[in-house]
């Protein structure tokens with residue numbers, strides 16, 4: 001299968017990076033099941049660069065946190081599930097180049113293939129630019145997650161922690177609502193509310209609905225901590 005150039009240009013806008021060497025992006029999207037130059041070497045490179053970018057940011061962000069907590073936070077941020085979430089925010093599955101068998105079995109929806117594609121794009125962007133540029137790009141992708149992760153606690157995302165907190169107290173689950181969507185389709189900003197019975201609702205903003213919900217959930221967790 002081939003991906004139209006117009007779709008790849010839209011993907012560039014979603015990932016917020018424009019390739020000088022367009023063939024690197026095409027290779028990053030090519031699974032080994034497809035004919036041609038596949039993405040496994042780029043994935044290998046991207047995995048190391050991702051670990052470097054997240055490690056250095058966590059090291060600077062948490063100067064008093066020990067190696068164990070830093071490692072746990074990094075593992076949470078760079079795990080396959082998290083990378084697949086980011087890939088879905090980019091609608092990466094629609095752009096993957098798969099062989100007929102993988103395509104038929106729904107490989108474009110598989111977490112592992114999407115996560116590998118994200119790492120391959122990181123590797124491709126590094127070869128296309130430099131380490132500082134690609135580090136800034138990675139930190140932009142992970143911004144809301146880096147802003148909500150904390151040491152010394154279960155490394156679950158804020159929505160999950162909020163849900164488990166309420167369920168443990170047999171309270172109704174939170175309600176999330178879209179308050180506003182601004183911007184063009186490729187550059188939208190969402191404002192979401194999070195409401196719980198008996199507490200003032202809070203708002204979160206982000207470049208995707210999920211990011212805005214996570215930020216709102218984190219604010220609600222802070223409100224619940226203050227209410228204790």
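Every residue, even glycine, has its Cβ placed from backbone N, Cα and C.
Swiss-Prot lists 116, 119 as binding Mg(2+), and of 43, 180, 184 the one it places in that same site is 43. Shown in sequence order, 39, 40, 42, 44, 46, 47, 115, 117, 118, 120, 123 are the same-chain residues outside 43, 116, 119 whose Cβ sits within 8 Å of the Cβ centre of the Mg(2+) site. Taking Cβ-Cβ distances under 8 Å and a sequence gap of 6 or more within the same chain, the neighbours of residue 47 (active site) are 119, 123. Broken down by DSSP into helix, strand and coil, the domain 'DRBM' (157-226) contains 29 helix, 24 strand, 17 coil.
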